[in-house]
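The structure that follows is given in the form of structure tokens.
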Amino acid sequence: MQGLYIKSYGCQMNVYDSLIMENIIKPLGFTVVNEPSEANIVILNTCHIREKASEKLYSELGKMRKIQETKDLTIVVAGCVAQAEGEQIFARAPFVDIVVGPQSIHTLPELIIKARRMKKQVINIDFPIISKFDAIPVEEYTKNQEVSAFISVQEGCNKFCTFCVVPYTRGEEYSRTVEAIFNEALVLSDSGVKEITLIGQNVNAYHGTYKGCEWDLGKLIQYLAKIPNIERIRYTTSHPRDMHQSLYEAHRSETKLMPFVHLPIQSGSDRILKKMNRKHTAEEYIDIINNLRKQRPDIAFSSDFIVGFPGETEEDFEHTMKLVQEVNFSQAYSFKYSPRPGTPSAEYPNQIPEEIKSQRIFRLQELLREQQLAFNRNMIGQTCSVLFNNKKGKFDNQIIGKTEYMQSCYINTDNTNQFYNSILPIKIIDAYQNSVTGIVVN
């Protein structure tokens, strides 16, 4: 058997795609290895959202080249950088053998055979008529899942935010059929999966037709909740413009749907939101938050923020800080704006100096850290439902799980196998910045 090494960058969709690539390549005679030095094929599944992610690729490729100089190694660049840069990757890193876009990964076995037999570079960054989901049997992307699993229900984006490359790298919005999603969930359930996370670039833009009716994400969630062994359902990443009434209703009535929503806003300034082409206001975002809290009072929120968008004034930034204070997030992700080639905002005037970006991101992250720590500390003394999905904690006698609110929860135990793949009531006894600790409630 030859070795296969896959490294994923970025979003959950890339993790999902990496699993697909692993399962369709292994029948060619490969086994997964933990180190690139042990591999005969290395796949770097890339992200293109931020400038540093692209540069990380070329840094990693330099390491792969050194390995390639000592052995027969096929180097594959997959994912969104592959889609965006295409042939430019060969020009910048001529030792790369294969470039494949995220919508063409189902052709990877063919590309590998072609590249290795013909000793030539090959590329496929097409947006094929037949989607990768139609080309790959469901069994190939449900293998090797454990306690929690992703299910891709939607890909692509039609929103065209001015800072974002996703519409150009993932293509237009595409929703899988209800039957395909349900069948995948059934296979996962039969294999022991207890928690599914429905993923998509704009997951709540999901739409389909089934049994003569129109379906959206809320209706899909309530249908999947009927699968007996699936005990938890999550979804990510959502967009404020696609919050439909059925999704509110699902949060109110479906106990399997976890009380946690990742809902990016990017900025609290209406002026900046307009320049970003988000097509919603800060007030509309707050209304969504309040409506979700009305349906599920214990719900927690995370979000994404971009600091230093072109033309952002101090007043604009203060609007963001005000929104953060009003919502009170349990966790959030914040980034300094970095211009992505080919996006409208890369050409905007009034680019913000790095020094100002750094000052603002420090202030924002300080506030977000305060909120996250306060949220975690507020859990002390409460009993949470925790799914233990990781056998390895910081120490040998620990096991890690996730609360309903996506907090990492550690417990001490001499037998990690006893709790693995279990959902247990845990009394929280201590809290930290990024985690909580607890004890099992008898």
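Every residue gets a Cβ built from N, Cα and C, even glycine.
Here the structure is a predicted model, which means the values were calculated and not measured.
Okay, so Swiss-Prot annotates it like this:
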- Cys11, Cys47, Cys80: [4Fe-4S] cluster 1 binding site (BINDING)
- Cys157, Cys161, Cys164: [4Fe-4S] cluster 2 binding site (BINDING)
- 2-117: domain 'MTTase N-terminal' (DOMAIN)
- 143-374: domain 'Radical SAM core' (DOMAIN)
- 377-442: domain 'TRAM' (DOMAIN)
From the Cα of Cys157 ([4Fe-4S] cluster 2 binding site) across to the Cα of Cys47 ([4Fe-4S] cluster 1 binding site), what is the distance in angstrom?
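Distance (Cα to Cα, whole Å): 15 Å.
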Using a 10 Å radius around each Cβ and all protein chains in view, which of these binding-site residues has the most neighbours: Cys11, Cys80, Cys157, Cys164?
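That would be Cys80, with the most Cβ atoms nearby.
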When DSSP states are folded down to helix, strand and coil, where does Cys80 ([4Fe-4S] cluster 1 binding site) land?
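Going by the DSSP assignment, Cys80 ([4Fe-4S] cluster 1 binding site) falls within a helical segment, counted as helix.
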Can you list, in sequence order, the residues of the same chain other than Cys11, Cys47, Cys80 whose CB lies within 8 Å of the CB centroid of the [4Fe-4S] cluster 1 site?
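Checked against the 8 Å cutoff, the neighbours are Tyr9, Gly10, Met13, Asn14, Thr46, His48, Ile49, Ala53, Gly79, Thr169.
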Just how many other Cβ atoms lie inside 10 Å of the Cβ on Cys47 ([4Fe-4S] cluster 1 binding site)?
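There are 21 such Cβ atoms around Cys47 ([4Fe-4S] cluster 1 binding site).
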To the nearest whole angstrom, what is the C-alpha distance linking Cys11 ([4Fe-4S] cluster 1 binding site) and Cys164 ([4Fe-4S] cluster 2 binding site)?
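That comes out at 14 Å between the alpha carbons.
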What are the sequence-distant neighbours of Cys161 ([4Fe-4S] cluster 2 binding site), meaning same chain, six or more residues apart, C-beta distance under 8 angstroms?
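Counting only residues 6 or more apart in sequence, the Cβ neighbours of Cys161 ([4Fe-4S] cluster 2 binding site) under 8 Å are Gln266, Met276, Asn277, Arg278.
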Determine, for the [4Fe-4S] cluster 2 site, the additional residues of the same chain whose CB lies within 8 Å of the mean position of the CB atoms of Cys157, Cys161, Cys164; present them in sequence order.
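Here the non-site neighbours turn out to be Lys159, Phe160, Phe163, Val165, Val166, Pro167, Gln201.
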C-alpha of Cys157 ([4Fe-4S] cluster 2 binding site) to C-alpha of Cys80 ([4Fe-4S] cluster 1 binding site): distance in Å?
13
